[in-house]
Amino acid sequence: MKLFILAVGHKMPGWIASGFDEYTKRMPPELRIELREIKPELRSGGRSAESVMAAERQKIEAALPKGARLVALDERGRDWTTMQLAQALPGWQQDGRDVAFVIGGADGLDPELKARADVLLRISSMTLPHGMVRVLLAEQLYRAWSITQNHPYHRA
């Protein structure tokens, strides 16, 4: 099984890439994280947020691995603790399907994409920069894996 992070956005600051890479390189070979950046749509010429999100949805769908479990990150999603993520991870691994976490653009994710998600997940109640969400998600995935392995990284 592979973990994919599909993120609308590109040209992130160096510290975002460094933070993200720090956690992805810690993951074991059987649970690699792959980042797929989706070029954001321009919201110019009076273009509505809805049309931007719909265009980004098409790009996201084109980048989704076939048959992957879809976890859409959204401010209205369910709150999971780190332990809940750690409990979900082994089941996902046994299932064998890849898991794709999707981070939307500035306007969020298209409602159609959210409706078909297997899980609608909120990463925080606070509004965060999308680049920071990449780092937080990679860290939480590493932490969840470390919990399943009784690794000393997680000490709560």
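Just so you know, glycine gets a Cβ as well, placed from its N, Cα and C.
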Next on the checklist: Need one residue: from LEU64, LEU70, LEU73, the one Swiss-Prot lists with GLY104, ILE123, SER124, SER125, MET126, THR127, LEU128 for S-adenosyl-L-methionine.
Outcome noted: LEU73
Checklist entry - Given the binding-site residues LEU73, MET126, and counting only Cβ atoms in the protein chains shown, which has the most within 10 Å of its Cβ? => result LEU73
Checklist entry - Counting Cβ atoms within 10 Å across all protein chains shown, which of the binding-site residues SER124, SER125, THR127 comes out on top? => result SER124
Next on the checklist: Give me the long-range Cβ neighbours of LEU128 (S-adenosyl-L-methionine binding site): same chain, 6+ apart, Cβ under 8 Å, in sequence order.
Outcome noted: LEU136
